[in-house]
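J.: If you scroll down you'll find the structure; I have some questions about it.
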Amino acid sequence: MALLLWVFSCSLFSLWILSFMRSQATEARHGTLAVMCDERARILQDQVKVSMNHLQALAILVSTFHHSKSPSAIDQTTFARYVERTAFERPLTSGLAYAARVTHSERELFERQQAWSIRAMNFSSKRPRAEEYAPVIFAQDAYKHVVSIDMLSGAEDRGNLLRARESGKVVLTAPFQLLNKRIGVVLTYAVYKSELPLNATVHDRIQSSIGYLGGVFDIEGHVDKLLEKLAGKEPMTVNIYDTTGESMIRMYGSSNESASGMCHVSTLDFGDPLRKHEMHCRFTQGPPWPWLAVASSYGTLVISLLVGYIFHFTDKWIAKVEDGYKATDMQMPAKDEFAATERISDMERDLKEDALFFDTTKSPSLLEISRLLNHRDPAQNVHQEEQELNLPLEAQDKLKETERKLGRMSKFITKVMKLTSASIRCLPSRFHCFNKKVWSISLLGFLLFILVIGAFDQPYNQPLGMGGEGDNNMMLKNFGFSRGRLLIDTLHGTWTKRGVQSSDTIRVDLRKMTRNNDSSGQQLKHWSSHKSSEIPAVLYVPMNGKQVIVHCNLIVDEKALVNWISNGDTDQSSKYQKETAGIQNRTDKPHLPANKSHKTTVSPWIVLLPVIMLVLLGSIIWRRCNDHRRRVQQKELELLGIMGPSRFQLQDLVAATGNFADENKLGQGGFGPVYKGYLRDQDLHVAIKVLSRRQSCQEQSAQGLREFKAEVKVMTQLRHRNIVKLVGWSDSKKQLLLVYELMAQGSLDKHLYDPEKILTWQQRYQIKFANLFNSTDKIVLDLGSALLYLHHDCEKCIVHGDIKPANVMLDVSHNAKLGDFGLARLVEHGGEPQTTQVVAGTPGYIDPEFINNRWPRTELDVYSFGIVLLEIACGKRPASRQLPNGASSLLAWVRDLYDQGKILDAADQRLNGEFNQQQMERVIVMGLCCSHQDPIQRPSIVQAMDVL
């Protein structure tokens, strides 16, 4: 029950850690989003204010130089010149317009001068023509964005103009769609006469207004690139809304806000109190998987369960030992009584014998004495060992007094010590009982836990402190600051003045900060102009044995101090956080209030140590597994060596090949070269195939090792005259070597395509009997005989997997022998083949059906045998580019000739017709049958040999 409660508690605690760390990560992520969103909102507000400042500057220019003109309307050229004068920076507005209030007579005069008409303002009530006003619109590129900026034609525009005239501030319209399909707003500002008083009332503003300026602000066009440049490490979407009405109007951003759900809203203040705007920021991706929280909770759970398991096992072991003691205690009285009875009976027998010589009637207590000497109290016997270990009386009295003072705590400590001692004694003897998986998981969890704990940034409580050093110096210690600047204010009352006024403000380098000044109770300010990358750890300030109070202002961001230091504005230091360290004497430890906003740098060893331990553990496990696998392979190869081929030492094969000299190289195989060698002790010429363990490609190296094992395993079971004999092998750490009997004539591939020497048809197929028992020159039949032996005569069916002329070797008499069993596979006779993981073979000879299903069956060898038959008969490679009529392959070309009834035209032209036509036709037809696309339609090797 206690164990289950412990597991439940550990699970709850780990879940709490997971939940807490996830909440912390979510809070930190939301804080990042808030900072990014607020920064974007501030930048957008600044952009709008730039446009507002431009309108205000233009209004001042117009009111100063043009309000007294008659008519007061401005032509395009003059207005453009005013715009250029006010555009100190490139204006962010996409178009500017000016509307002047003119009388009816002035409007008619201006229309005659400019040769175009001005739209009149529509009033709801009739007014005399002398009092009628009309807006005059002059725009600079405004026509590219809006149809017209007729700022008194609509109700909203009219209201904005009136608000701008009454307030004297820039007002905004509702967002609307521009001609370029983007969203924009119009900024409106009133133009007043230059005589407008500073403290003008609303009535004064209305009377003094002479016109209105309007600027089109393209929200999407100007802000899009700006916000894209400020995108953080994590992509986010930004939307801007006008929330003045009941429904929000989107001013910027996509309409689809589907994201992680985490959103932050920043309020935008564009300077118009009647319109409200907001910026919504969302992350486009969901929160990352909390690996740190999962690893921490998992490591805590594993370690807690391991601790609980250890204590549970210890408790069970102690209980078991106590039960054994109790059982022993129950058996001890009977054993003692039996032993005492035996001793008493022996003594009585001796006394009876002695009674013949001595008179024992006067000493009847002798038997009683013997009983007393031999009979022991069981309880006394049990606790005899404990009594021997009793402390002296004084120590016992002190121990009892301590227990009385500590009370229950002493019992708890005693019990814990007993459990710890018992667990330490029992763990070595019970170590083998622990599951290896439990220990592996526990070790991994512990390392993860250490890694997580080491990754935490621990806040420090003493970033800066003052300490005494010597009689006349005070030491300022820097415990955690690596970059930044310090403002040190030293205040004391009894220093002696040494030629420097107390009001001076000086700059000092922290590396050479020695100051002998007397402030006489006033404040002396030391300004740091430290230019190195790190602040020194120790700073000495002379104090002359007096008490000093030091105020330290920490500035982390050096860029923020550029103007502050250069201008000498000491009052700005108040915006930084102050920290005070009071020094009483030189023996006091430094103390400073904690600064939670700064954290220490994580020691790299805390992170590297678990990683190093994991690497070492993994290397040890890999080394042991590798050694075990090598020993198993060694045993297998040694067993194979007993059965047939011999195992050679590497130095013997090096000597046999002349240190693998180039002149002894016979050729290059798929996974290594082949060398010619001579074994002197056996007087035998051999061919040595080298498979290197250390190849550039790990996959090729593994394939070579598999070929080596497969070839040794198969070749030890083969005994046939048409199969190359495996003489031996060697498996050193650097190289794997296979030793074969040397075939004097080399491979069939070499003879088929030798331009100087041509294999005759008799050598290829026809049988010439030297006598009744021996035959020579039958390459086709020898190859078929080898396949017949592999498929039917062996204990297990052997699929060669790579039959081609390069693997058919010829001896002195041109007898063919099949070799290179690196891709061979053992298959049960009549059994279902197992699918192989790797498709290996030679293109042109490999069965297409095997590429699809990967079943190593005998049909695979039959297909390759058919291709070799066609190659022997036709003298052309399977994928030659010199085939007649542009045929894609040898098989397709021969099949086409067979369909045309011209099968003999496929015969090797170099034979010049010197062949038996029936035999040639038989070989070609059988080659086509064996290489049929459908494996079911192919003959078996037995049927093929019957035909051949």
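Numbers run from 1 along the shown chain.
Just so it is clear, glycine is given a Cβ too, placed from its N, Cα and C backbone atoms.
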J.: So that I know how the record lays things out, could you check whether F20 and W317 fall in the same topological domain in Swiss-Prot, i.e. on the same side of the membrane?
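T.: Topo match: no.
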J.: My understanding is the cutoff is Cβ-Cβ under 8 Å with a sequence separation of 6 or more in the same chain; which residues meet that for V674 (ATP binding site)?
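T.: Expected: K665, L666, G667, Q668, A687, I688, K689, V690.
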J.: Provide the number of Cβ atoms within 10 Å of the Cβ of G672 (ATP binding site), excluding the reference atom itself.
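T.: Total other Cβ atoms inside 10 Å, all chains included: 21.
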J.: Taking the Cβ of D802 (active site, proton acceptor) as reference, which residues of that chain separated by at least 6 in sequence fall under 8 Å from it?
T.: D820, G822, L823, A840, G841, T842, Y845, S864
